[in-house]
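Data block below; observations after.
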Amino acid sequence: MDKLTVQDLSPEEKKVLVRVDFNVPMQDGKILDDIRIRSAMPTINYLLKKHAAVILMSHLGRPKGQGFQEEYSLQPVVDVLEGYLGHHVPLAPDCVGEVARQAVAQLSPGRVLLLENLRFHIGEEHPEKDPTFAAELSSYGDFYVNDAFGTSHRKHASVYVVPQAFPGRAAAGLLMEKELEFLGRHLLTSPKRPFTAILGGAKISSKIGVIEALLNQVDYLLLAGGMGFTFLQALGKSLGNSLVEKSALDLARNVLKIAKSRNVTIVLPSDVKAAENLQSKEYSVISIDQGIPPHLQGFDIGPRTTEEFIRIINQSATVFWNGPVGVYEVPPFDSGSIAIANALGNHPSAVTVVGGGDAAAVVALAGCSTKVSHVSTGGGASLEFLEQGFLPGTEVLSPSKS
């Protein structure tokens with residue numbers, strides 16, 4: 001890796017400012033899934049073993065820089081964090097100002113402090129509107145560590161401006177290092193072949209950049225979900241009432257043309273599970289060549305498509321998956337996505353990478369999160385990294401000394 005990592009630092013008895021991603025899903029004040037907190041623990045524990053004073057900063061939700069709002073407080077995160085660490089973690093009532101400065105000053109080596117939600121201040125998402133915000137955060141630490149991959153595609157103060165105040169002292173955390181290793185080396189730089197990408201979700205337009213980038217890398221591109229229907233419509237198929245992004249039909253045709261010129265095999269659904277609506281108790285398995293009747297719409301890939309996708313996965317040496325292939329939240333339209341999750345989890349030898357977001361939720365639902373090689377903690381960030389080859393938040397980290 002060409003960036004400084006946390007293991008290159010000498011943080012003993014020093015204050016280390018760590019940007020983590022504790023933007024966890026919440027409902028009624030309770031955390032629904034703490035994977036993002038767990039994912040940050042290796043870096044936190046590493047720094048504590050080095051007897052560093054660890055200052056954690058994160059955002060939660062979208063309070064839009066309008067000051068403290070209890071529903072966006074990081075207090076629920078503290079309770080989970082204390083459970084993992086086994087000791088008290090103070091929450092500074094703010095991330096800047098006198099109360100924050102005092103909390104930082106009182107922090108002893110071997111202890112952890114969590115600053116309150118960064119996005120309570122306009123200067124986090126809009127650094128140009130309040131340059132003093134990043135400047136004050138920068139004053140807290142001797143070193144800076146970015147372990148928030150899922151936020152590093154944004155040019156926000158804590159991931160883009162603050163690290164620039166730490167020349168030679170801004171490092172990637174262990175989670176960030178793992179993300180860059182899997183997405184960079186295993187997918188972009190030297191993927192084992194055959195390399196297969198599976199893309200689902202609703203829209204082509206939101207993923208056209210990553211599709212075009214993957215056409216330079218992959219041997220097989222499997223397309224399903226709403227995106228798959230748009231490609232099928234571009235080929236003149238009758239899709240009934242299925243979700244089609246009509247404004248993206250020319251994009252789809254162009255992708256098919258590029259794929260052909262680059263010897264990339266694009267595989268589209270050959271059959272689907274179709275129903276009148278998601279509340280229907282009954283569905284029909286319909287061949288795409290036969291055409292979906294006007295009153296029905298496709299909500300999942302059919303058994304023949306599932307079998308074909310799994311066959312290609314099984315013969316691949318590298319697989320990347322982003323976006324479900326059906327409406328996985330509503331059984332029985334979850335079976336295609338669950339089958340893909342199981343195929344990835346049970347593959348005996350392939351490097352299998354899941355690109356965050358809904359695909360990560362499906363893999364968790366299938367009980368395969370620990371069976372795949374890597375589940376990215378950033379949906380949008382993982383796609384942008386694959387498209388650009390870098391992220392704003394990683395570009396500003398210090399270069400490796402080796």
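Heads up, residue numbers simply count up from 1 along the chain you see.
A Cβ is built for glycine as well, from the same backbone N, Cα and C atoms used for every other residue.
What Swiss-Prot lists as substrate binding site is ASP21, PHE22, ASN23, ARG36, HIS59, LEU60, GLY61, ARG62, ARG119, ARG154, and the listing cites similarity to another entry. The annotation ATP binding site is assigned in Swiss-Prot to LYS207, GLY298, GLU329, GLY356, GLY357, ASP358, ALA359 on the grounds of similarity to another entry.
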For GLY298, GLY357, listed as binding-site residues, tell me which one has the smallest number of other Cβ atoms within 10 Å.
GLY357
Once near-sequence residues are set aside, which residues in the chain of GLU329 (ATP binding site), 6 or more away, have Cβ atoms under 8 Å from its Cβ?
none
Among LYS207, GLY298, GLY357, which are recorded as binding-site residues, the nearest neighbour of HIS59 (substrate binding site) by Cα:
GLY357
Neighbour-count leader, CB within 10 A, binding-site residues: ASP21, ASP358
ASP21
HIS59, LYS207: which of these binding-site residues has the sparsest Cβ neighbourhood within 10 Å?
LYS207
Per DSSP, GLY298 (ATP binding site) is which: helix, strand or coil?
strand
Among all the protein chains here, how many other CB atoms are within 10 A of the CB of GLY61 (substrate binding site)?
15
For substrate, with binders ASP21, PHE22, ASN23, ARG36, HIS59, LEU60, GLY61, ARG62, ARG119, ARG154, what's the maximum Cα separation in whole Å?
18
